[in-house]
Every structure is written in structure tokens, then in C-alpha cells.
């Protein structure tokens, strides 16, 4: 492309994750630009939800083997073929990403710009192409869907030691003997699960007093207890010094604020993610941002600049793919129905953490209700008290239901086997505004299947005697 | 008890399974008789749903170990400790059954009669007590909840060979080298799963052209295919001759109608269950029965005789514990609210089969809709096409949604990992009369969790292009 010309398009989408789904049949016969500086498909496909779960599953299998003797089945793990796992995952994902790029490059009405976009005006962009050139794009409408990226704390950056984030750690060649994970959120704990259950010693260092502390207090507390039986968990602890280790290439030695040392570990930084706005020069377009740098959007996905929209991690307070997908569906409609705008419905955003035990939740936590001064009833039902829990000899799982005094559901929190599946009927019930009694008694629950733990929790919040 | 006297009670319940839950606080200060000839707690607790799942789970664990290498985790089973499994199961269940009996024997307002009841009039019973005596009970109201029992075909009975049913096979001392299972329904297939995955060679002989043929045709067909890879499945086949085997005590040799032989196998009969009415002398009370001997009840649980009720397997067309529980809740209310009767709601009865793959379903099958001439749309969504299915490298699972032309859900059928959990939101949606679109888009679905297979099936039936 000639640096002197400007391409005019009907729609420009910056980011090929959830933004990629905006190219609906409504755009046939029009011009759409997709601008992507990295791998096509965004975080979820390339370095997030999807590949992590493809590592989590083998980890669960390995854990199941190690736990088998509890059930009268003596078994053992002979070995873990890390490269085979890795190559299976990326052998599947990389071609999908490549295919998505090709599809846009060769699309009848799409142009893929492979490079970094920055605003030069309200609806004008300059793209620093990966191959060295520059493109200028003027669009009737622009959607910013650049997502988020891993944040790396100064102590790591400044130490100069080799480290990984979720962007790179899934592609390592060999499992290290030990992993030092900094962070206590869902990314830190999912990777701790993967590495520990594949046989790596895991030390996890977190600043807070509990892991997953954004979750309901009972969940965070009980998860932290369970995690302590699996990993070396250091709470209220910081990494104070990092040095290259003599134990092997790419490994580090660390001094912690509790005066202990961790030696010969692969360093994995999971200290949060920030919206990817640095290159965009949002001020050049006058696009308003929150204090945490997220783009400000209204309930329709509109930024402060007419014709410019944003969705997903770059603007959402939820860093969740299903939220981004929802926002993309709403924005896809709104882009072509300016006189009939739809709104985001984020009243009940569910989330899961694919750890062992697994966690899923929807609606308010008990702490949020306390803080808001909302009255509630609560019931905690143990997996161990329903028949399927007996079959699993379960000792850790539970389902917690919070409901208003009139029975209306406020929040449901599940920790245990397949929590991410068990929680789904509660998501529907919350969205429909059902009471605990309507949800429990408005349907049959297969006996003796695991959802009985949710049924019983719902009944328990109806009648605290239960 | 003196044979000459008659005990008068307010309520007599025959059967301590679901019937046992009828003793609500409404009966405080009144007299309730519970009559039970066998183990307290009924089929589900003692020989049905609950213990079978406690064997199924170790079988799943053993299967997971054997399949682990698919995921890059090399593992193997060193051995299966059958007696440990068995003793864990019954070490848990038997005390619950005993405790239930003691609770009723010593109950303030309950009398437990341990023996077989038969009607001598509309609301009078004679109980042949297990200890040899006879008791006479006259009741204001009687509930028949005697459940069902395994049927044994003539070819087995007349052969005189040793055999097992679901009543006895879970208590055997040692795993046999081979099991010959007669039957192709859910009990046959669940036991085939348990024994095969615990290392026993399984031959399953079924009369029909498919296993689980009461289920949706796609499910039955694809399950039968999957079963053939795990067991020696003989369809459209009968057992023609059974003789004691020289291979070991308690084992049999069999000649099949396909002219082959099965030798040295434990014989497990799973050819269906019939309502347990033989000892009751229902005609003496004038209680009407269906042709298949089930007691006729109306939607309130009333039999043809005033004051006599029935529930569960003895009267229901569903042999399912959650149906019996539902009927027990309705009857418990109706027993004390004669002027405000509640009705059974059995429009949408879900069921699961805990095989590998697992199966769950609710609502109509495609064949039922065809037979009724009901118009429908259908979508089959493969587990392999959603992200969690990728993680599991799934090749067999699927979710099938049937909906009316206006989108209203008619039936949902799931075969695959945790089907009994995946199906639950569909049960709620069917009961609420939701459309596929309302169910799919009225809530968020956690990405990338397994319920996305249901979400995508729902979307597919909305828009067949999906």
C-alpha cells in the first residue's frame, strides 16, 4: 500500500478476537477492514481460554490416575509426554488462527491489515504494518476490540531474568522441575493446577491473604485450603529478588519477602491483565478512558466518539470471552441498526475457574451483598451430602446459594467436580428472576446425578431447616 | 403382636422407599404404620440408583486411566480391588438402611411392620411378619409404594443355573473373568460398563436390534456403536440354553440363538422390572390395575379405592426415583389436604443412563414426534465442535435438540461426558415452555465450558444454518 493514499472502508475492526465476529452478512457488498498485529483469533483462541483448557484436561486425567486408588483402582502415571500435549494443542489451534487470517485476507468484502493501528483522528487510523509499511484507513465506523495483555511487575522486568506469561508458557519445550508462579488469581491457579498435576513442583506466591479473592469468601477460603494441599502456597508474600539460576537455562532463583528462597524454577508471571490501548493513541480521537485505562462505553457499546465502538477486554470490567462474545453480538446489531440500538445485559455474568477443584459462580457474592446492605438467606450444600458425591467420595465440593428474603435468587457459587456445568441452570434461573423454590421445584432433577447438589442448596435456602 | 387384634392407624405406607418420605410433620400426634418386607430404603438406596453409581464411578476412573495416553499421560491400571469397592459401597449404604429402619421402629408416631402386607379389605391389611407372626392393620388411608422387582425369564429360571440380578450382583465376592448379561436396557448397559471397565470380559445379549431402544433413535444407534467397541454385543439374539460351567463355581455356559457359545461366565439377568404387586392381593380391596399389573392412579395419586393411594414404580410408567420422589411429595400433600389436591406434573421427565458414554434426555424423542405427526426442527451438535470437546479430544458426544416450528423446545437428548449434568438447563427450559432462542440467548454460557454444546445445539435449531 502506498503511504500517500487512504483506504476508505465502511467498518474498521481493530482486533481479530471477538471483533472478528462482527463481519456478519449485513456487510455483504460493503468494505470491512480487520486490523490485527498478532495471531488471528485473539487471546481466547491463541493464548487464553481454549489452549489452557486443552492443558487442564490432561492435568485432570493425570490427577485422576493418581487418585484412583481411593476408589479401589490401583494405578500409576508412567510418564507425561509434555511435547505431545503441547503439539496436539497448538497443532489444532495454530491452523485455526492461520485459517481465520487467510479467510479475512482473501475475503470478498474484507481487507486484513496485519499491523498496529493508532488513531489519527475521530475515525481515521494509521496502521504500522508488520512488514514495515504504513497504511491509512478512514472508516464510517470503527470498533476497538484490542483486548488485554499480561502485566509484568517491575521486580520481574527490572531483574532481567527470563520469565514467562500465559502468552509463552504453554509453548515451552520441556517441563521444568519446578515452577514459581507469581499471582493468586484464576490464571495463576489454573497454571498451578496444570503444572502440578503434570508432575511439576509448584510454588505460588500471592500478595493477598487468600487465592481467588475476588470470589465469594467461602469459595476463596475453601479453595485456598484445597490448594495448600497441592502446591506450596505463599500468601501475603512478595518476590523481592530474582536472579538467573545455575540449575539450568531459563530458570531463576528467587528471594521472597518471608525470607525463604525458591531455587531453580521456571518463572511464570500471572499478575493480571491490562486493556491493550497503549499503541492506539486514543486521545488523538478523543476517546474517553477509565482511570484503569479501559475505554468508556455505554450500554450499547458506544465510546465517547460518534461512530467509534468498543467491546471485550479493552472496555469491559469482565475479562471473559463469553462477555466479549455477548458484547460483539450486541455491537454487531447496533452497527447496522442505529435507530434500534440493543443493550448489553451483564446483570448475571457467570465465570469459571478450571482448577482442581473447579469453581463456577454467577450473581452476587455474600461479601457484595453485605457491602450493599442487601438482606439475604444463604445455604451451603456439600457435595458429600448428595448421592453422586457419595459415589465420588467427595470431601471438598459444595454449592452455595444466596437468595433474597422473598426467595429470589441473588447468587450461586459452586466449587467441586464439574462446577462449570453444574452452575448453568442457576444462570438461567437468575436471568429469569426465578425464586429458589421455583427453580428447585419447577423441574425434576435426575437422581442420582450431580445437579442434586444445586437442587438441595436451593431447597435449603427456601427452608433453612433443610 | 397378637394375631387376634387389629392395630388402627391413621396412615399405613406399604414400602419404605419413596413411601418413607410420606411421614411429614403433618403426622405428628397421629399413628403411621410403615410396612417393609426387605431392606429399608427401597430399591434406589439398596440395590438401585445409588449403589450402582458408586460402582460406576470407580469404573469411570479405571477407564480414564486406560485412556490417559490419548492425552499425553502414560498410565496403567495395576489392579482393581473389587472387595474394597464393594465393602466401601455397602459399608456406607447398609448402615443408612439400618438407621432408617431403627428410626421408624423407634419413631414416636411410627410403627414399623417388618413383613409382607396383603389387602384383606379396602383399607385393611394383614402383614405376614418376617419373624413368623401376623399383624392386622386397619388404616384411614393407605399408600401402596412397593416399587418393582427384577423379572427373570423362563429360560433362566427353568435352566436351574446360578444367576444374578441387580439385587445380588453388586455383593459378589470376586470379579469373574467373564460376565454374560441378558438385556439391552439401562440396567444391562450400566452393569456392562461397570464390569467391562473394571477388567471383566462382557458379553451382552439383547433381543432387539439396538441397545437402549426406548431412547431417541440417534442416541440408541450411536450408543450401540460405542458399546460395540467396548463389549461383545449380540443384538437380535436370545439365550437358548444355559448349563452350569466347569470353569468355576457359580459360572455358566450358554448357547445363543446365533449358534455361538459363551463359556465360563457369571450370568447377570437385566431383562426388566415389574411392579411388585404379587403379594398384595389387590383384588381383595378392589384396586384397579393396568394390563401390565401396575396400579391405576389418577393425577393426584388416588387408586380406584377411596383412601388408598399409590406412587412410584408400582403405579408409574416411569421406573425412576426422581419421579417417585415427585409423586411422594404430591401424595404427602394430598394425604392431608383432601380439599386441595395437587397433581403430578410428569410432562417432562428426565432420565440418565450412567454408561460410557453417559446419556441423558428430557422430553420427546424424534420417533415420538414422528409417530404423533408433530412438526419439528432438529439440530445435532457434536461435542467435538465446541472448545471443551477439543480439550477432551471427544469423538462420540453429541447434543440433539428438537423444537417446534415456533422454537418451543420439545426434547433434548445428550450423549457424552457428564450428560446427566449438561442436560439440566434444558429440563428447566422445557418446564418453563421456553423457546430454543430464549434458552440460548436468555443467559450467558461460560466459555469454554461443556454446556456450550447445548447452547450451540439450541442456536442450531433456531437457525438451521448454524
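Here the Cβ of each residue, glycine as well, is placed from N, Cα and C on the backbone.
A:313 is the residue from A:298, A:313, A:339, A:340 that TrEMBL records in the FAD site together with A:53, A:146, A:147, A:148. Cross-referencing A:91, A:99, A:100, A:272 with the NAD(+) binding residues that TrEMBL gives (A:183, A:184, A:185, A:186, A:187, A:188, A:189, A:190) picks out A:272. Note: A:44, A:49, A:53, A:447, taken in sequence order from the recorded positions A:44, A:49, A:53, A:183, A:185, A:447, have a C-beta within a distance under 8 Å of a chain B C-beta.
Of all the binding-site residues listed here (A:183, A:185, A:187, A:189, A:272), A:272 has the Cα closest to the Cα of residue A:148 (FAD binding site). Sequence-ordered, the extra residues of this chain that approach the NAD(+) site, with Cβ no more than 8 Å from the Cβ center of A:183, A:184, A:185, A:186, A:187, A:188, A:189, A:190, A:272, are A:181, A:191, A:211, A:212, A:270.
Secondary structure from DSSP puts residue A:148 (FAD binding site) in a beta strand.
Taking every pair among A:53, A:146, A:147, A:148, A:313, the residues listed as contacting FAD, the largest Cα to Cα separation comes to 22 Å. Of the binding-site residues A:146, A:148, A:189, A:146 has the largest number of other Cβ atoms within 10 Å of its own Cβ.
Sorting the domain 'Pyridine nucleotide-disulphide oxidoreductase dimerisation' (A:349-457) by DSSP state (H, G, I as helix; E, B as strand; all else coil) yields 40 helix, 29 strand, 40 coil. For the pair formed by residue A:53 (FAD binding site) and residue A:447 (active site, proton acceptor), distance between Cα atoms is given as 29 Å, rounded to the nearest Å.
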